[in-house]
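Listed in Swiss-Prot:
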DOMAIN    10-301  domain 'UvrD-like helicase ATP-binding'
BINDING   34, 35, 36, 37, 38, 39, 299  ATP binding site
DOMAIN    302-553  domain 'UvrD-like helicase C-terminal'
REGION    565-595  region 'Disordered'
REGION    601-700  region 'Not required for growth'
DOMAIN    626-700  domain 'HRDC'
């Protein structure tokens, strides 16, 4: 049979064909986005089996997700049916690392660990929580989740409890809690898994650790395993952790029949322990390795590919040295567009309007995605799509109002509303959110930071509402939030996809909107804290590259100059767009992103519009100078403290700081002047008015 007529070779381009026909032995396929790597991998496996180099049962293909493993198995079965060679390539095992290790450990366990049994932990949460308690660490739910994540990172990085503190410092990693505390919890966690009842608890990392140890330390096990599997294929090799590499090395032994496929410039999971160094060092470990580059992109238009190339061309560091120069193979399409907006609601409204036009012109909603850096950014887009009547689904996360921390916040606000407080709404909201995790600075832990981002988004949403309706009180706010929550479409497969850039890896759509591309969000602020030229910042650049390469035809990139309508426009476009995005102006909003709710309050000093609840309370811009009677302010605070103690309520329930400042500035001398200050209603006038006016009169 000629190559042209061989169904395992026909239809491949010359780069793919080179990879498929490479001889047995170490092969490294550097495959860019959209270059057909899965097709190339499966055809290589089928070719090796069909040519008799290896039996189907002796091949082990591993990847990182069940979805990817399932896709590989499906394609191998299809090739088996199409080739009609009788090779049985459809029987090749394509598994995740953990699934492969689970099967192997179950088979070898009794031979290497004597008579003790084992049980797999579906979740380590309960054991980590118990370990934290036994070390006298008072850990919240988010703390426990962050501790579990940190233990996973350590084990994936082959770092034990006794080495953790030193390793974290050497890696310049920001642990979610004190490193010594984490090490103590980690040590206790490992001790708790050895229950002493004849059953050992194993987490998913233990599957890999015990599998590697069994092969490394038992010659009979190694011989049996290495006789069973003789050829290995690893997909997404740039995402391998040191622990997974240890397992792979144990599988191989002193052999080199290994094919790896990856792209170091799509390494975006370093927080899990993934490292591109194994891909970058492949030719050093195997000097005779064949290296094939796949650079023909069949997914995206030349216009999208060109932008991706320009973004990654500016990359720095060792990873950048392996970058591929993609060449778009599709028909030309529209040029990617760049849009600057005055604020986030305007950005979201414009994106929703653009999506509506795409859908009207025939693009299925399921072929459209909105991608952002952090999950908390989804709220404004959920609202905009809801207002536009466009169904959506949130991938890799929950809808904003379905998140646990938001449900907790709304419940807490409902309880406060039952106390009939007249305190300034913004202050009430922040006081309620503070115990739930809203701090002045974002926490370090991943889960705690996600909670903080969601709570911050809720607080900013309240500020947006107050800017439009300065007289808004808590019952009205809760009604508005309930309206938003109830109006949100339930997740539907046919809807527009909302996803973080991390969750979008491995997926593609006809149209992609990359939103919120402002410095401090992408690259994210905690990456910038490591320095502008640091590896964390470079990983953020790779995130943008991954996002761009998700688009087949339509691609729009956008950012907002401020969070809220009328807010200070201090944001800048992502530094990754420097020299790429054209000079832009803030785009006009299609229609209005918020309902017109009457004239805005204005500063009593400069007459500018007031856009925050604090400014409305003070009746001036927070930057405008004003005379505050400092002695009166101290007296008011002292009076508030004693009154709050008498009534057994928080101080803000009596009056907030901003209300006291307004009183000390405006010096009201009668009931009419006092009640004119926002935050002082009829009830508070009746309850506290005489005391306050007596203090003011004593100073005037």
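Each residue, glycine too, has its Cβ placed from N, Cα and C.
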Next on the checklist: A 10 Å Cβ contact count, applied to the binding-site residues 37, 39, 299: which residue has the minimum?
Outcome noted: 39
Item to check | ATP site shell beyond 34, 35, 36, 37, 38, 39, 299, criterion: Cβ within 8 Å of Cβ centroid | outcome: 31, 33, 40, 294, 298
Checklist entry - In the domain 'HRDC' (626-700), how many residues does DSSP call helix, how many strand, and how many coil? => result 53 helix, 0 strand, 22 coil
Item to check | Local confidence of the prediction over the domain 'HRDC' (626-700), expressed as mean pLDDT | outcome: 82
Checklist entry - Name the residues of the same chain, 6+ apart in sequence, whose Cβ is under 8 Å from the Cβ of residue 38 (ATP binding site)? => result 68, 71, 72, 75, 235
Checklist entry - Within 10 angstroms of the C-beta of residue 36 (ATP binding site), what count of other C-beta atoms is obtained when all protein chains are considered? => result 22
Checklist entry - Reduced to three states, what secondary structure does DSSP give residue 35 (ATP binding site)? => result coil
Item to check | Cβ neighbours of residue 34 (ATP binding site) where a neighbour is any other Cβ within 10 Å | outcome: 24
Checklist outcome for this item: Excluding its own, the Cβ atoms lying within 10 Å of the Cβ of residue 35 (ATP binding site) add up to 26
Checklist outcome for this item: Once DSSP output is merged into helix, strand and coil, residue 299 (ATP binding site) belongs to coil
